[in-house]
Structure formats: C-alpha cells, structure tokens
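Q: Sharing a structure below in structure tokens format, with a few things to ask.
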Amino acid sequence: MEMASVFTLNVRLDNIAIITIDVPGEKMNTLKAEFASQVRAIIKQLRENKELRGVVFVSAKPDNFIAGADINMIGNCKTAQEAEALARQGQQLMAEIHALPIPVIAAIHGACLGGGLELALACHGRVCTDDPKTVLGLPEVQLGLLPGSGGTQRLPRLIGVSTALEMILTGKQLRAKQALKLGLVDDVVPHSILLEVAVELAKKDRPSSRPLPVRERILAGPLGRALLFKMVGKKTEHKTQGNYPATERILEVVETGLAQGTSSGYDAEARAFGELAMTPQSQALRSIFFASTDVKKDPGSDAPPAPLNSVGILGGGLMGGGIAYVTACKAGLPVRIKDINPQGINHALKYSWDQLEGKVRRRHLKASERDKQLALISGTTDYRGFAHRDLIIEAVFENLELKQQMVAEVEQNCAAHTIFASNTSSLPIGDIAAHATRPEQVIGLHFFSPVEKMPLVEIIPHAGTSAQTIATTVKLAKKQGKTPIVVRDKAGFYVNRILAPYINEAIRMLTEGERVEHIDAALVKFGFPVGPIQLLDEVGIDTGTKIIPVLEAAYGERFSAPANVVSSILNDDRKGRKNGRGFYLYGQKGRKSKKQVDPAIYPLIGAQGQGRLSAPQVAERCVMLMLNEAVRCVDEQVIRSVRDGDIGAVFGIGFPPFLGGPFRYIDSLGAGEVVAIMQRLATQYGSRFTPCERLVEMGARGESFWKTTATDLQ
C-alpha cells in the first residue's frame, strides 16, 4: 500500500515553491524515517526546476509546524548503530535542504520542536507567528537524548554558543518574540500574513546571518570556549548529579563541532545520539513520555463527561487561590470564589494577579490579556452566583464536619447537576459524602502545592461516585493543564501514602544521628529534586506530618513516626519555610539568604548529628520503603495500573524521571533483588522493611511489572 503524501509541493505563478506538511490522520506533524523518500523526491524536483526563485515550508495543521520526530522510531532500534543511522539519515536530509541553491524559508505557526526546529534551522530563513501557540525548542534532553539531525551544530552558529547550550541542555522552549530577539527567527508576524511574508522573504537573496553579539563571538573562540564549557559543565553536573548522561554528551558534541569543524561535529552528534538511545536513562524517560501521553488520553470512565461552563471554589487560601488561577487562566473557565472572610477572597485574587503580572513583566503576556483572564475570577462571602455552577471545588480546612457541611450547603445552593469535588489530602471521600443527598456527585480532586507548578492531580471517586462525575472531573483537570490519575478512596490515596514512609525513614535516620544535610544530599544524589527533610520544610512540617496518624490508624505500625520527634519540633514552633524555621533556618522574607541547618534541631530531637551511613545507604532506606508501598497500592488496586503509579510518583513527588518511576525502577533492579535488599534491611532495622507478598511472589517467579497488565478498578 502506498504511503499518503505528507509533503505536498505546489509551485505558484511567481515561481515560489510551497511545500505543505500534513501527516494524514494525525493532530500533530511528526517526522518519521519513512518520509525521507518523499522529501528527497521533492528536493529532486526543486533542483530540476531552474525557474524557481525560492521555497517555503509551511504546515497545514492549525496549531503546529512540526512537533518533533516520532519517538517510536527510537524504540524500534535494537542497537546503537541503528539509532545512529537514523540520526545520519536526518542529518543528510537537512543538509540537502540547506544545499538548495535558492532561498528556503520556514513559515512557522504553532509548536516547532525537536526535528521540526532542526528542519527550520536547515532552511535559510525563518518567519513565525506571534501566536501564543508558537514555541520553538529542542526538548530531546528531556528524553535522555540530544538533537540528532544537526541541531547541536546549526543552533550555536546561528544564535551563539552560550544561548544555544542553554536551550539544548534544558529543552527550554522560546516564544516568538524571544526567538526574534535571539536571532533564531528573522521576523514575527500575525498568522493571517505568515505565508505572504515568508514568500516575500523567499523572493530575496538568502537572508544573511545576523552577526553574533561580541560576547558570543568571544565565547566561540578557543579561550572563551574553554572557560564557558568548564563553567557550564560544573553547573550542569551540580544540577543533574551525574544522573543524566545526555547533558554531558551535549557539551562534548557542541564543543567538538566548534573546535574541530562541522563535519566532526555532525559525526559526533550521530554517534552520541545512537549511544544515548540505548541508555537505560533514555528508555526510562521515553517510557514516562509515553505513559503521560497515554494518561492524557484516558477519559477516566466510559461515561460521557457533562458540560463544563463555570466553576466555584470554596476557600480563598493558598490552595483555593492556586486552583482559581489554573481554572481561569489555563482552563479559561469563569471561577467564583466563596470565602467567609473578604480577606480570603482578596488573597485568592492577588494570587492570580501575582502570577499574571509576573508573566507581563517577563513579556510572556500582554497587559490586556492579563486583564481578560483576571475578569474570569470573582468572589463572594455567600452563595450568590453559585446557582448554576457545574462543579464546585472545596479547598477548606482538613476537618471532616466542615467538609460535610460544605457538601450540604452546595446541595442546597447549587444546581441539581453540580459536582462537589473535595481537595482533601487525607480524609476519606466516602466519609465526606456520608450525609450527601446526591453522593454520586461527590468526588475527591487532590491538587499538589504549588498548584500552578505541580502537574499531577489525584481524582478519587468513592464507592458511590457515578462514572459521569469521574469523567467530568477528569475533563476539568485536563483543561487545567494537569495530568490526572484516578485512585481508590483509601487512606492517603496514592502519592501521600508512598511519600509518608520515605519521609518517616528520613526522620528516623535523624534520630539515629545522621545529619540533615547528609540525608537531603543523599536523596538529591539519588535523583530527587530536593531531599526529604527539605521537602518537609517546604510543605510545612505541621501540614506534612498531619497525615501520619491517619495512615498509622489505617495501615498499622509501619507508618508510625519516631516517638515524640514530630511533636517536639512542632511544640518548638517550627513549621518550616513558612515561619522561617524548621529543620533549616531561613533568612527574612524578600532577602536572598541561603537556608542553613539549625544545629539546635539535634538536641531538640535527642540526636547527636554524627551519623555513619554512606549516601547510598541513606537513599536505599528511604527509597525501598517507597517502592514497597507502591507495590501494595497496585495489589490493593489503589491505582488502576503501574502506568498510573509511575506517573503519580514522577509528577507528584519528583521520583527520579531517569529511573522511570517506582515500577520501572523495580523492573530494572529485578523484583528478586528488591526483595533481597528489603530482607537485609528488615534484619538490620526492623519489620517495616518486610517486603510485601506481591513483591516476594514476583521475585520468586522472576516477573516484571511492565510486562504484566494491572487489573483495572471496577
């Protein structure tokens, strides 16, 4: 069967060739190896037509140019040589486009990422739209890879080595105006005249490359380059803790191209691409990418979602303010906040103002757009304006009677179809719905703080929640830009349940004499964004430890915190960053001062701060308990699948993405090895390390999680 055309060539009367990119049946244009023959055939036609004056690449998709290469191609490669051959094919194709004797212009609207930007870089000029959907970047590092079709060589020469390194090492995406300022594009225009401007540019001589700023020219020279790569290398090593091999290879490949010329650079790029594609880190990061894409397509239930036209929020605190912001500014839905105190409403409104004003200051948003988004948020101290809200999110104090009262008030003051979604982090949803007239419309919707930054939400139906309520709540979470996982209504749900033993063990090691900074550094080295003690300080010691007695009551002794430690800390008025003192001491608000461990913490908890454990031993104790609890959650069907378990841990806790999540990590170690480690730890430190039955059985049978299908919740 012949492949449908992805690249279509049309020659206009003014002898400008328009190449339209449109992958049939797909929302996004992605590049595949099998498209190469089509592109080569078009290049041949372009070379043969001596009348042509220029070429323009444009997308037929409404919101993307090319979103990147199809990642499945890499998964299909069995060896580094096969992946390297893919990169060389891409490089060759881009070189052929660049070698055309007439001007070639990329007309960019929407996402222009990865292989899409590499194609645009191979063109002689680039024009993009001023639309917010238009972003340009090379995000391959987020998949444990580097740009493999010439991006590591072309970008530094176009915009300068230090700017290019920042883009390639972080996967940072640029908006149109930023791209113009850096010289990545030649013009930014309204969408309506994009093609017209690109055609006019194609009629001129090839756009001459803009001279680089003096700083960039110095940094490209031998002395500047040596200094730059040394500094960037140090900074990158500190940030990645050596856990992401792609960053090291990016530096090596870019430097090779600058020092030895593009031919050596392209060769190094293709070779590094092939080798990185085979690393366990890249395989894990790609698995997270596929799993999150899969979760985003999951409707949550078989029922169709109800319409969502407006939302109400109860409580104007930190969580209420954050939820209002993502509902209005990401989902674009009108939001009405109810708080018993006008100050609460003002606080919530200021939260959105601060977020949007920050964007205006950074020139990511126009002031008029800020005002338009703010106009979606209103407040009240009673239920006026709540009568026709489709969904109410409750974000009041963690008090069961108060939340039950909120359910009763919403049922009395809102419509018969209104859904009540509680942002509780610890109370059973079934208990919150216990006295509801319409319990089928009560559900949990657990956000993580800070709401605008944390990508995960847990959606928690109780036994009586309807399928439509689940589907509607999932729909809202996606509109808010969140990745939702549906979890069972059991104490701690999923994320807090696997996090609690991890933090408990860190506190226990403190009481045994380990130092605060040693414990935190060990887990950062392992791959977490912050250590467990710092995390507790950031969340708030009072807030973070509130769930421990709930979990201990539900699951027993393995969740108990070291005796009297938490109460001693809280009785000493230590809440963490929010009041300036926890395990660490913080400088005055508004001043940039480094946090420091408070030495007074050790006598307070009856410890010496003179531990003997190595960093791997510290990490092992915390992480093994988290893995064991995650397996219990699959076994008890708290999560619907290991996919959701991995996504929940990576997006909700910051479990190291390069390990792929708890279940991928268990698979990489082998269940038998995890059981052996836990049995050793149980002998040394106590029964809380006893591996759960499911893990022991899988170890004995040599089974893996990702090769077995987790049973869906009924």
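Including glycine, each Cβ sits where the backbone N, Cα and C put it.
According to Swiss-Prot, the region 'Enoyl-CoA hydratase' annotation covers 1-190, on the basis of sequence analysis. For 306-714, the entry in Swiss-Prot reads region '3-hydroxyacyl-CoA dehydrogenase'. For Glu118, Glu140, the entry in Swiss-Prot reads site 'Important for catalytic activity'.
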Q: DSSP secondary structure for Glu140 (site 'Important for catalytic activity'), reduced to helix/strand/coil, please.
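A: It is helical.
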Q: When you measure from the Cβ of Glu140 (site 'Important for catalytic activity'), how many other Cβ atoms are you left with inside 10 Å?
A: 28
Q: In sequence order, which residues at least six apart in the same chain have a CB under 8 Å from the CB of Glu118 (site 'Important for catalytic activity')?
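A: Gly90, Met94, Leu138, Pro147, Ser149, Gly150, Gly151, Arg154 - these are the non-local Cβ neighbours of Glu118 (site 'Important for catalytic activity'), listed in sequence order.
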